[in-house]
Amino acid sequence: MATTTKGIPDADLVQTSPTGHTHPEALRSNDEMTDEKRDPDSISQGSDDSPVIEGKDEESHVRTTFSEEEPEGPIVVPRLKRRGLFGQLSLLAEVENPKVYPRKTKWFITFVVAVAGAAAPMGSSIFFPSLSQVSKELGTSTTITNLSISLYMLSMSIFPLWWSSFSERLGRRTIYLISFSLFVVFNSLCAISSSIAMLIVLRMLSGGASASVQAVGAGTIADLWDPQERGRAMNIFYLGPLCGPLIAPIVGGALAERWGWRSTLWFLAAYGGLTVVFIFFALPETLANTKIQTQETNNEHEETIRRQVSRVSSRQVAQFTTRWLRVLKMVLLDPLKIILYLRYPPVLLTVYYASITFGSLYVLNVSVEHTFSASPYNFSTIIVGLLYIPNSLGYVVASTFGGRWMDSIMQREAKKAKRYDEHGKLIYRPEDRMRENAWLGAMLYPAGLIWYGWCADRGVFWLAPMIANFFFGVGSMLIFGMATTMLTEFMPKKSSAGVALNNFMRNIFSCVGSVVTAPIIDAIGNGWLFTILGLVAFASSSVLFVMKVYGPRWRKSMDALRT
C-alpha cells in the first residue's frame with residue numbers, strides 16, 4: 001500500500017485507500033495532468049489566465065471542496081529529471097505544480113527571491129556616501145563619478161529585457177545562478193579598479209547582472225502563488241528591492257568611513273556570493289514544465305532536419321546560416337519585442353503609474369543625501385544613512401498589511417459583482433485590486449512628497465520631514481505592489497515579460513531623476529521641486545479612474561497576451 005505525505009516526497013505520490021482502491025483525489029489529479037499534456041497552450045508561464053477562476057488549480061480546488069483540509073503533498077520530480085542549472089543538487093525538490101508546495105516552503109522561496117532582489121538596487125545606493133572618496137582617489141570630477149551610479153541604473157532597466165526572455169527558455173533557476181555569478185565577478189573587479197573608466201564600465205555590467213531578479217523574481221512569485229494570495233506575496237517580495245536601497249547608504253557610509261570606498265564593492269561581491277549559495281541549494285525550478293519541454297522538442301526537430309540536410313553541402317551551409325540567424329534573432333531582437341506590449345492600454349497605464357512612483361523614490365533618495373549633508377543640518381555620512389530608515393518602515397508596514405488587504409478587496413469585489421463560473425467559484429479580475437487601497441496610496445505618497453519638500457526647504461527640525469518620508473513609504477508601497485501584481489495578471493502567460501517592461505520604464509525614470517535632482521534643488525529648492533513632483537503624481541492617479549471605467553473593455557483586446 002502506497003502512502004501519502006504532507007511534505008515533499010522523493011518519488012511520485014500514489015494515493016490509495018486501505019482497501020487498495022485509488023483515492024478520488026489521485027484520479028482527479030491524474031485527469032488534470034492529462035488535460036495539461038493534451039493542451040500545453042493552457043499552461044501559463046508561472047501564473048494563471050485572466051480573468052482568474054478561484055479554485056482553478058489543484059490546491060484551491062481542494063480548499064473549495066474540503067474547507068478544512070490541506071491539499072495532498074506535491075508530486076515530486078525525480079532528482080535526475082530536475083531542470084535548471086545543477087538542479088539535481090537543490091535541497092528543495094522540484095515539483096510538477098509549484099502552487100501546491102507547503103505554505104512554509106512557498107514563503108521560504110519568496111524570502112530567498114526577496115533577498116536576491118535587494119542586490120541590484122542596493123548596489124546603486126551603497127555607493128552614494130563614498131562618491132567624494134572615489135573622485136579624489138581616481139582624480140576625476142563628481143559629475144563623472146556620478147556616471148557610475150546613473151549608468152548602473154540604466155543597465156538595470158535594459159538588461160532585464162534579455163533576462164526575462166532567456167528565463168522563459170532556460171528556466172528561472174539557471175538565470176538566477178548565471179546572473180549572480182556574474183554579479184560577484186564584476187563587483188570583485190570593480191573593487192580593484194585602477195581608473196574611473198574601468199569602474200564605470202564594470203559597474204554598468206554588475207548592475208545588468210543583478211537586475212535579473214527585477215523581472216524574473218516576480219515571475220517566480222506568480223509561479224508559486226494563487227491569484228487570491230499573490231498580492232501579499234508580491235508585497236513581501238518587494239520588500240527586498242525597496243528596502244535594499246534604503247539600508248545600503250547606512251552600510252555604505254559605515255564601510256567607507258572605516259575601510260574606504262572599495263570595501264563597499266567587496267561587500268556587494270560577498271552579498272552576491274551568499275545569494276548564489278542560497279539559490280544553489282534552496283531554489284528549485286518553478287517555471288511551468290511544458291515551456292522548456294516545448295523548447296527541447298523544437299531543438300530535437302531542428303537537429304533531425306539538420307542531419308537530413310547535411311548530406312548536401314550547399315543545403316548544409318544554408319541550414320547553418322539559417323540556424324545562426326535564428327539564434328541572433330533570439331538573442332538580439334526577441335527581447336526587444338517586450339516593448340511592443342505598451343500598445344495595450346492597461347499595460348501602458350500601469351507601467352506609467354508605477355514608473356512615476358518609482359522615479360519619485362529616487363528623487364527623494366538623492367534629495368535626502370544632498371540636503372541633510374549640507375547646511376543647516378550638516379549631518380555626518382552615517383547619520384544621513386540613518387535618515388533612510390523611515391521610508392523602510394513605511395514599506396514594511398504596507399507590505400505586512402497592504403498585500404493581504406488587497407487580496408481581500410479583490411475577493412470582496414468579485415462577490416459583490418456576483419461573478420461566478422458554472423461551478424459556483426468566484427471569477428477574479430485584475431482591476432478588482434484598484435479600490436480604496438489604490439486611492440489611499442495615490443493620496444498618501446504625493447502628499448508625503450510635498451510635506452517633505454517644504455520641511456527640508458525651510459530647514460525644519462529633521463523629525464518632521466522624516467515623518468513625511470514614512471507616509472511616502474506606505475503610499476508608494478501600496479502602488480508598487482498593486483501595479484506589479486496586476487501586470488502578472490494582465491499578462492498571465494508572459495508574467496516575467498510584463499515585469500521586465502515595468503522595470504525597463506521605471507529605471508529609466510529613476511535614472512533621469514537621480515541625475516537631475518541635485519541641480520534642480522540648487523536652482524529652485526526642495527519645496528518647489530517636490531510640489532511639482534507631487535502634483536504630477538496626483539494627476540497621474542487619474543489612471544485608476546480610467547482603468548476602472550475602461551478596464552473590462554480593454555481586457556478583451558488583450559487576448560493575444562494569453563496565447
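Using the three backbone atoms N, Cα and C, a Cβ is placed for every residue, glycine included.
Nobody curates TrEMBL annotations by hand; they come from automatic prediction.
What TrEMBL lists as compositional bias 'Basic and acidic residues' is 22-41. Annotation comment: TrEMBL describes 109-552 as domain 'Major facilitator superfamily (MFS) profile'. Annotation source TrEMBL lists region 'Disordered' at 1-74. Sequence annotations record features per position, and here TrEMBL assigns transmembrane segment to 107-131, 143-163, 175-202, 237-259, 265-283, 347-365, 377-402, 437-454, 460-483, 527-547.
By the Cβ criterion (distance under 8 Å, sequence gap of 6 or more), the transmembrane segment (107-131) is not counted as touching the transmembrane segment (527-547), fewer than 3 such pairs being found. By the Cβ criterion (under 8 Å, sequence separation of 6 or more), the transmembrane segment (237-259) is in contact with the transmembrane segment (460-483), since 3+ such pairs are found. Taking Cβ pairs closer than 8 Å, the transmembrane segment (143-163) reaches residues 120-121, 123-124, 127-128, 131, 134-135, 175, 179, 196, 199-200, 203-212, 214-216, 331, 335-336, 338-339, 362, 499-501, 503-508, 510-511, 514-515 in its own chain, all 6 or more past its ends. The highest tally of CB pairs under 8 A with the transmembrane segment (175-202), across 265-283, 377-402, 437-454, 460-483, is held by 265-283.
When Cβ distances are compared across the two stretches, the transmembrane segment (437-454) makes no contact with the transmembrane segment (265-283), since fewer than 3 pairs at least 6 residues apart fall below 8 angstroms.
Between the transmembrane segment (460-483) and the transmembrane segment (527-547) there are fewer than 3 Cβ pairs closer than 8 Å, counting only residues 6 or more apart in sequence, so the two stretches are not in contact. If you look at the transmembrane segment (265-283), the same-chain residues 6 or more away from its ends with a CB under 8 A from one of its CBs are 86, 89-92, 108-109, 112-113, 115-116, 119, 122-123, 126, 172-173, 176-177, 180-181, 183-184, 187-188, 190-191, 206, 210, 251, 255. Within the same chain, residues 129, 231, 235-236, 238-239, 242-243, 245-247, 249-254, 256-257, 361, 364-365, 368-369, 371, 437, 441, 459, 462, 466-467, 469-478, 481 sit at least 6 positions outside the transmembrane segment (377-402) and bring their C-beta atoms closer than 8 Å to a C-beta of that stretch.
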